[in-house]
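In what follows, a structure is listed as structure tokens, so that the remarks can point back to it.
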Amino acid sequence: MQKLQIFVYIYLFMLLVAGPVDLNENSEQKENVEKKGLCNACLWRQSNKSSRLEAIKIQILSKLRLETAPNISKDAIRQLLPKAPPLRELIDQYDVQRDDSSDGSLEDDDYHVTTETVITMPTESDLLAEVQEKPKCCFFKFSSKIQHNKVVKAQLWIYLRPVKTPTTVFVQILRLIKPMKDGTRYTGIRSLKLDMNPGTGIWQSIDVKTVLQNWLKQPESNLGIEIKALDENGHDLAVTFPEPGEEGLNPFLEVKVTDTPKRSRRDFGLDCDEHSTESRCCRYPLTVDFEAFGWDWIIAPKRYKANYCSGECEFLFLQKYPHTHLVHQANPKGSAGPCCTPTKMSPINMLYFNGKEQIIYGKIPGMVVDRCGCS
């Protein structure tokens with residue numbers, strides 16, 4: 001009996017030391033674990049978002065074949081941007097991105113930018129030293145984007161100053177050649193006649209596809225061109241070297257090249273937002289702001305929706321990848337787990353300055369995440 005009393009006293013003492021028992025302790029611990037899991041998921045998503053932003057900066061420079069971002073100031077950009085219809089059209093009707101991901105197709109993209117339009121401004125040439133007299137305008141250098149693609153359209157754009165009275169203007173585009181025995185230094189490319197009325201000046205385009213193709217085949221024949229636009233009184237209305245107040249009115253070439261068609265296949269995935277509690281692999285929204293990067297050399301878009309992938313890839317969700325599941329079942333410790341990665345990427349169109357201060361309009365593949373999946 002005495003032993004029983006001693007046991008009871010010891011039991012009561014242990015209860016006093018342990019304190020009151022909380023019946024909700026297990027549920028609170030479970031809730032804390034769930035909150036910690038959600039917090040870890042948020043941190044993981046934030047890490048993926050930051051990594052995606054840095055990867056985008058590297059990818060853009062790499063796909064544009066630029067070692068570093070072009071160092072062009074905002075003031076220089078304002079002076080270099082031509083105030084011309086084709087450029088305004090590209091900016092005003094700019095298709096920032098194609099977010100038609102509902103079809104679930106996966107593009108087999110090339111890595112580098114697919115150029116669609118190149119706007120080339122005139123520059124100086126050492127070849128002009130071979131002739132006694134330099135032309136009034138102009139010499140154009142062509143990047144590898146033009147040289148290595150099929151040219152489908154090439155137009156020379158010139159600006160004609162306004163007139164005070166109605167007049168007929170005779171426009172002539174001449175190609176500079178090496179002096180011949182009879183002293184001839186020019187050969188005609190195009191000529192046209194147009195009527196101008198008083199008012200503002202006008203932009204006029206001239207087809208130069210044939211001469212451009214000849215220049216690409218024989219680069220040594222590209223010595224430059226001369227532009228003349230004479231009214232009935234013999235006044236030259238063409239802006240070749242802009243005067244004060246005529247910034248952005250330089251002549252320029254607009255060249256369009258072929259685009260490579262893409263193949264596609266089917267694919268599907270989950271879409272989530274930043275407040276989602278979904279743990280599985282999912283696509284999350286992410287907006288890239290080029291102005292925040294300090295990348296003023298990108299004319300358009302100033303920002304675009306890039307998106308990113310984040311989430312778990314449990315083998316429970318991998319009916320789509322049976323081979324991965326079988327490998328894991330055979331060797332669960334030795335096989336690497338699947339990762340949440342993009343399974344559908346789409347391009348963006350971009351208008352930008354390259355390192356030679358040329359304006360390029362191109363399509364950059366693989367810049368928008370449209371679908372995410374485990375692989």
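For all residues, glycine too, the Cβ spot is worked out from N, Cα and C.
Feature annotation from Swiss-Prot assigns signal peptide to 1-18.
The N-linked glycosylation site annotation in Swiss-Prot covers N48 (among others). In three-state terms derived from DSSP, N48 (N-linked glycosylation site) belongs to a helical segment.
Taken from Swiss-Prot, the feature N-linked glycosylation site covers N71 (among others), and the record attributes it to sequence analysis. Residue density at N71 (N-linked glycosylation site): 9 other Cβ atoms are found within 10 A of its Cβ, drawing on all protein chains shown.
According to DSSP, C272 (disulfide bond) sits in a coil region rather than a helix or strand. Sequence-distant neighbours of C272 (disulfide bond) (same chain, 6+ residues apart, CB-CB distance under 8 A): E278, C282, R283, Y284, G311. The annotation disulfide bond is assigned in Swiss-Prot to C272-C282 (among others) on the grounds of similarity to another entry.
DSSP gives C340 (disulfide bond) a strand state. C340 (disulfide bond) counts 22 other C-beta atoms within 10 Å of its own C-beta, drawing on all protein chains shown. If you look up Swiss-Prot, you'll see C281-C340 (among others) marked as disulfide bond.
Residues annotated as disulfide bond in Swiss-Prot, with similarity to another entry given as evidence: C309-C372 (among others). Its Cβ taken as reference, C372 (disulfide bond) is surrounded by 26 other Cβ atoms within 10 Å in the chains shown.
Feature annotation from Swiss-Prot assigns disulfide bond to C313-C374 (among others). Every protein chain shown contributes to the tally, and the Cβ of C374 (disulfide bond) ends up with 23 other Cβ atoms within 10 Å.
Neighbour counts were taken at the CB atom with a 10 A radius for the disulfide-bonded residues C309, C313; the maximum falls on C309. Summary: among the disulfide-bonded residues (C281, C282), the fewest other C-beta atoms within 10 A of the C-beta are counted at C282. Nearest by CA distance to N48 (N-linked glycosylation site), out of the recorded positions N71, C309, C313, C372, C374, is C309.
For the pair formed by C281 (disulfide bond) and C372 (disulfide bond), distance between Cα atoms is given as 7 Å, rounded to the nearest Å. Taking CA atoms as the reference points, C309 (disulfide bond) and C374 (disulfide bond) are 10 Å apart. Taking CA atoms as the reference points, C372 (disulfide bond) and C313 (disulfide bond) are 11 Å apart.
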